[in-house]
Structure formats: structure tokens, C-alpha cells
Amino acid sequence: MHGLLLAAAGLLSLPLHVLAHPQPSTNLAGRGVDLDAYRMADRSSYMSSDDMKLKQPAIASLSGGNYVDTATEVVKRMMPGMTFRMVDDHYVGESGISHVYFRQTMHGMDIDNADFNVNIGKDGKVLSLGHSFYTGPAPDKAPVEKRDFSDPMQAFHGACKALNLPINADKATIQTMNEHEVMFMGTSGAMSDPQGKLCYMAKEDGTLALTWRVETDMGDNWLLSYVDAKETDKVHNVVDYVSHATYQVYKWPIPDPTEGKREIVQNPWNLKTSPFTWISDGKTNYTTTRGNNAIAQANFDGGEDYLNNYRPDSKNLKFEYPYAPNMSPPKSYIDASVTQLFYSANMVHDLYYMLGFTEKAGNFQVNNRGQGGKGNDFVILNAQDGSGTNNANFATPPDGKPGRMRVYIWTKAKPSRDSSFEAGTVIHEYTHGLSNRLCGGPANAGCLNGMESGGMGEGWGDFFATAIRLKPNDNRNSNYVHGEWVNNSPKGNRLYPYSTNLQTNPLVYTSCNKYNEVHAIGTVWCSILYEVLWNLIDKHGKNDGPTPVFENGVPNDGKYLALKLVLDGMAIQPCKPTFVQARDAIIDADMNLTKGSNKCELWKAFAKRGLGVGAKYDPKNRTGSKAVPKECQ
């Protein structure tokens, strides 16, 4: 995340996310604090490829040199006179789109929620851009020169008090890391030493606040708390990084124990996406559930010391352990639980890699084989995590730090059910890692912390989980419920089943006006994407195999094409996107990948659920539209 300070032009933000699976509201685990009240506003703007041609033709035609220089010139022209730095996570995606990310600065310090992303197409010209740069009045002098800010320890105590964090800091000391960053040493209660960073943040009222960004990893919540640097009892916003051989397993796409039997699979990895297999990192070969992509273990006490936790070990690499849904207690089948979790997460890794979530895009791997990105960040998979029940979550720090998935025991059935065995739970949680790493760039894991953008994070998780579980005989009349097995309920844990029937599922874009909770908003987003899925399947057919087949870089069926376009759209859209901006990014992704051959199928799907041409975002009064472009009528 180190970059050059550049004089120039403008947009918005950079953090990590813990996202929980099915909770009705985002509460700070066990402490009664409503984190939704601290969410950042979704304030980014996005210019699609069509917008660029109409409104910024000179910039749209920029080309020549390398893509980084072109992107930098775009920001300079769009935001003249502003200062910014390039974030060190630019890359060329598998679809040929180059993604470059910038952070606005003021007096040599970051404006932590002011980001700019530029997407360069395969032809070297500007495809689209998004930004949230601050354009209000600037402070006269640098606060470091005036020393016009509080001691960081006061801000640390302010964050702990406001969020009721169980951190003991009576003997804490400050270790200075650089001019603007400190570490709080000698504390207890957090999973690692808390950190502080002096930075600006753009407020909703159009002004700029100087803040201490206090980072505290509490396990179920990994928080970036923006504490006012003058009034340390005031917390402006909070970002939560947590979103919330042979293997005997329920083989993909079996979603849960009610729909299939366990079987023994041999060497299930794909050597193109996991060249070291699942049980090696290229340096060490393991005989347990550990490898380059993930490390899985029991975590009965809910603690952070995963390396020393129990995991099954098989010298002959036969991870074959007994399990049946009626077994109890859960600890009696922990080997099977860890093995299933390890299998499912690695399957997700390999599929997402094929679709474009590679090393340079910020995926989760220890050894990146010189392919770009930052390594040393496999996913920590905690089975039967003792820190909670009836839930699951995923912590997504920036690229280079391990992701962490916690899956819990569910007590809504007798005997209790282990969510390691519900593939949809694992896919949903892993997809939080995907969307948080792609949106805003690998170094910025906090771009989905707004209400609508956070809702899309939940919706993407449901969408990938639902698309992956489709059966061979399914058609557009097939309905799917999310989380029915762990919930022991045919209704699952969402408002409605996912369906193309508006009577079965009446949700439309304007339904978001009555919801103020990310899982409800996510259900709306997934309902819209479900229409996209079936429009593309009806046109291109459905590949029922576990992996896509590509022709000239394009999946040759509708299911995997839908997943590919949605994934590419995540990387194209701005930080803290809205439904409208994410829609445009998916359409731009298709323009890049297929030259827009699916434009009308996409528009008709969006319009059916009220996200047509005239749809407009307002957090309290969204405007719906069923209109499509003239050429699609």
C-alpha cells in the first residue's frame, strides 16, 4: 500500500471486512453495539463505458504508454490540482482489463475513504472509472505541523469505550512505527496488537475530519474505528473486516446431507489452479488439512491460536472419517468436519481462480509463485468454532494477510448441525473474501461497508452458492432456498426463495427502500442476479460440470458466464458501489469480454426487477425502472 504522492485530479477508500452469514442485524459480537449505525455512506460515483464516450470522450480515447501511466493521466485530468498516491495493487485481470487504484491525500496523509479506480480495456483505452474523492474545503496547514490532534492512546481508549471492546489497556504503551502510525503494546483481549493511523476521512456533510484509525482484531469482528482526533469520545465510522489425497466428503455440487451421500474423491485438486496440490505450499508437503490455499482445524475454544489447534493427520493421505447427520456430539465427528470444510474451501479457491480471482487479483495463497499479488495469506478455516453458534463469518484483511473463516454449530435441530457440511455456507463466506478483495483493489478490503454495498456483499455470497448448486434438470422455474439445512427450516434464512417468478419472490429494486439491514438488501441483489443467471442459461445453455469450459477466454455456457461477468464486475465497479453502479459494471464486463453480445439479456434481467435504464439510487427513496435500451425493446 505504499505509493507515490502525485499532484493531480480525484475519488474514495481502503480497509478489511468480517461478514457474518445469517444474522438479522450486524451487532458487535456479544456486546450490544449496533455496527450498522457506524457504516460509511455509499458515496462513490461511476462512469460506465457508455458514460465515458458521451460525457468524457477525450478521456475515453486516451491511450498509449503503459496502462498505469494512462490511468494516472485520467486522474490528473479528472481531478486537477488534487494530490493522490497510487496504491500498490494494480494488475491486469484474466479478462484483459487493467485495474489501477488511487488514494487521495491531503498534507501528505491519506483521506482514508477517498478512492479512485480506473479500468483500462484490452484495446488500451479507458473502459470506465469510479471515485469518491473529497472536493470540499481543505485544511490550511498539516496537522502534524500544528500538532493539532490528540494522543493516539486517548483515541484507542475512546474506540474501546464507544464500542464496548473487552480490551485491557491499563499497562499499554505506544510504539511509534512511522510519522503517522503507531502500535499499542501490552494490551490483552484482542487477537493481535491494536494499531493506530492518523488520517483524514470525508464526512457525509461534505467536510473533512482528522481521525485516528484504530485497528482491533476481536476475532468475530476485525474493526477499523475512525475516532475523531480532537474529540476522542466521538467515533465517526467503523469498518468491520469480518463478513462475518483421498477425501471422504459430500462432493460438489451436493449442498447438504439431505441431497446426497458422502463419497471418496481422489486428488480432487486442479493442477492449473493449485499446482502444489491442496496439501503443499511448494516448500513443505503436509499430511494434514493444510496447504497453499487453506489451513483447516478444530477451534473449540474460539481462540486465535490456529496453528497449534487439532487437525486430522494421515500419513497415507487418506482423509476418510465417519460422519452421519444423526451423530452426536459434534466433537465425535470433528475429523470429518475439518476435512469437509477443507475440501469445500479449496474447491471454491480453484473455481474462483479459473474465473479470474488469481494471485495478482488478490486471492488467498501462501506461495504466489511469482505470479503477482502478495502471498502468505491462505484462508484460516476454523471448524466447530466455539466463539458462537448458529452463524458463520469471514474476515477479509488486505492482500498479504490471511483470511479467516469461522463456521459454527447450529442448534436449531436435534442433534445439532455442523455448517461445515452445508456447502452453501462455505461458498457464501468465501465469496465475502472474493468480493472484498476485488472491489476497490486487493489492498483495500473495506469497500463493501456501506448499507447497499454491504448488502451486495451478502447477495453475491448467496448468488455464487445458488448458481454452483444447480442441478442438471433445473430450469428457470426452479426455486432455491438459502440455508434450509442448518436452519432446519424449508424457508431457510432469507426473505423469499430465489425464483424468477414474481409471485414466489416479489422483490424488486425499490424493495430496498423498506430495508435497513444488509442480509435483506442482499436478498434483493441476489434475486436480481438470479434473473441474470437464467437469461444467460436460456441463451447459452448450462454446464453441469464442476468447472467452466472456456472458448477464447469466455465460458461457453450461461451459468459460468454469469459467474464470470459478476466476478469481473466486482473488479470494475467503484469502492462502495450501489446497485445501479454494480449493474453498469456487469454490463461493462460483458462489453469487454464478449463485445456486448449479451447486453439485452442483461438489461432485461435487471429491468424485470426494477433496475432498468431509469433506476436511480437514493438511500431512502430509490427509483425503480423497467425500461431497457431501445435496441433491446
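Every residue, even glycine, has its Cβ placed from backbone N, Cα and C.
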Listed residues N326, N592, with the one flagged N-linked glycosylation site by Swiss-Prot: N592
Which candidate, of N487, N621, Swiss-Prot gives the annotation N-linked glycosylation site: N621
Hey, what's the Cβ neighbour count for H432 (Zn(2+) binding site) at 10 Å? 31
H428 (Zn(2+) binding site): tally of other CB atoms within 10 A of its CB: 28
Smallest Cα-Cα separation from H428 (Zn(2+) binding site) among the glycosylation sites N285, N592, N621 is shown by N592
Going along the chain, which residues six or more apart from N621 (N-linked glycosylation site) have their CB under 8 A from its CB? N513
Using a 10 Å radius on the Cβ of N285 (N-linked glycosylation site), the other Cβ atoms enclosed count 12
Euclidean distance between Cα atoms of E429 (active site) and N285 (N-linked glycosylation site), Å: 27
Could you measure between E429 (active site) and N592 (N-linked glycosylation site) for me? Cα positions, answer in whole angstrom. 28
